[in-house]
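All remarks here apply to the structure that follows.
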Amino acid sequence: MQILDGKKVSEDIKNEIAAQVQEMKVKGEKVPHLAAIIVGNDGASLTYVGSKVKACERVGFESTLIKMPSTTSETELLKKIQELNEDDDIDGFIVQLPLPDQIDTQEVLMAIDPSKDVDGFHPENFGKMALDMSTFIPATPFGILELLERYNVETKGKHTVVIGRSHIVGRPMSILMGRKGFPGNSTVTLTHSHTKNINQITSQADIIITALGVPNYLKAEMIKDDAVIIDVGITRVQDETSEKGYVITGDVDFENVSKKASYITPVPGGVGPMTIAMLLKNTLLAREQKRCK
Ligand code: GUN
């Protein structure tokens with residue numbers, strides 16, 4: 001069994017990006033600038049956004065964090081988005097999800113200028129992705145592709161089973177794994193809450209990508225020998241013995257599943273850090289595309 005070490009690979013990617021930023025600085029060019037909007041005080045979301053801003057500093061990007069109260073109206077958020085769309089200094093920005101109930105997420109995502117949509121959530125970018133056109137690929141799926149590529153995990157002709165059909169991970173992942181090329185060329189099954197006989201399906205999978213948010217959901221008896229296991233789950237589970245009062249737990253029963261798998265991502269230290277690295281990569285791409293306009 002080999003660990004797919006997202007922590008290490010993401011560090012490699014950040015070093016590569018930092019070197020490119022250094023070159024930009026030497027040439028006197030403007031460095032990429034990422035902005036992030038967060039609405040409300042959800043602890044996990046604040047942590048993720050904080051990590052994104054810290055990663056910007058680490059590679060030499062400029063960053064702006066915009067915190068808005070949980071009572072923010074959709075109109076107020078759309079106004080802020082318009083400001084960022086029009087701000088020439090900002091190369092790319094994200095709106096951290098989930099948003100409070102009074103705000104229509106789809107309306108918000110559609111208001112983002114597609115050329116600054118480094119999350120790849122705008123329908124124009126999502127459509128381009130589905131049509132194999134060059135665009136921003138959502139950071140978590142992009143990170144999974146990058147991990148598979150850097151470890152040279154064979155995907156061609158394999159049966160990939162995706163668990164969960166979220167717009168952020170499961171749905172785009174199911175499209176990307178079926179695309180032509182590497183990683184891709186898989187036969188894909190997208191499973192969700194209405195899927196029947198899930199164990200029968202997962203036990204036929206060569207590659208399982210689980211993005212469910214149910215701690216320890218995937219058990220050893222649900223997989224076949226030598227399956228590749230990608231765990232996107234990051235749930236905070238209460239644990240009084242830990243300093244923070246919780247531990248981050250994946251969707252996979254790692255202890256038992258890892259004994260059967262050929263490759264597996266740990267939680268933490270697998271897909272999570274890759275998401276941040278690929279957001280930086282998309283921001284660099286946004287900057288380069290703007291420069292070439
Ligand atoms: N919430 C969970 N994952 C993500 C992500 O990749 N981007 C944004 N904007 N929000 C998220």
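Note that Cβ sites are derived from N, Cα and C of the backbone, with glycine treated the same way.
Annotations in TrEMBL come from automatic prediction, not curation.
According to TrEMBL, the features are:
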- 4-119: domain 'Tetrahydrofolate dehydrogenase/cyclohydrolase catalytic' (DOMAIN)
- 138-289: domain 'Tetrahydrofolate dehydrogenase/cyclohydrolase NAD(P)-binding' (DOMAIN)
- Gly164, Arg165, Ser166, Ile234: NADP(+) binding site (BINDING)
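Everything TrEMBL records as a feature, shown here on the structure.
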residue	record	CB count, 10 Å
Gly164	NADP(+) binding site	24
Arg165	NADP(+) binding site	17
Ser166	NADP(+) binding site	16
Ile234	NADP(+) binding site	21
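Mean model confidence of the domain 'Tetrahydrofolate dehydrogenase/cyclohydrolase NAD(P)-binding' (138-289) amounts to 98 (pLDDT, 0 to 100 scale).
Within the set Gly164, Arg165, Ser166, Ile234 that the record links to NADP(+), no two Cα atoms are more than 16 Å apart, and one pair reaches that distance. In the three-state DSSP assignment, the secondary structure recorded for Arg165 (NADP(+) binding site) is coil. When secondary structure is read from DSSP and collapsed to three states, Ile234 (NADP(+) binding site) falls in the coil class. For the domain 'Tetrahydrofolate dehydrogenase/cyclohydrolase catalytic' (4-119), the DSSP counts in helix, strand and coil order read 61 helix, 19 strand, 36 coil.
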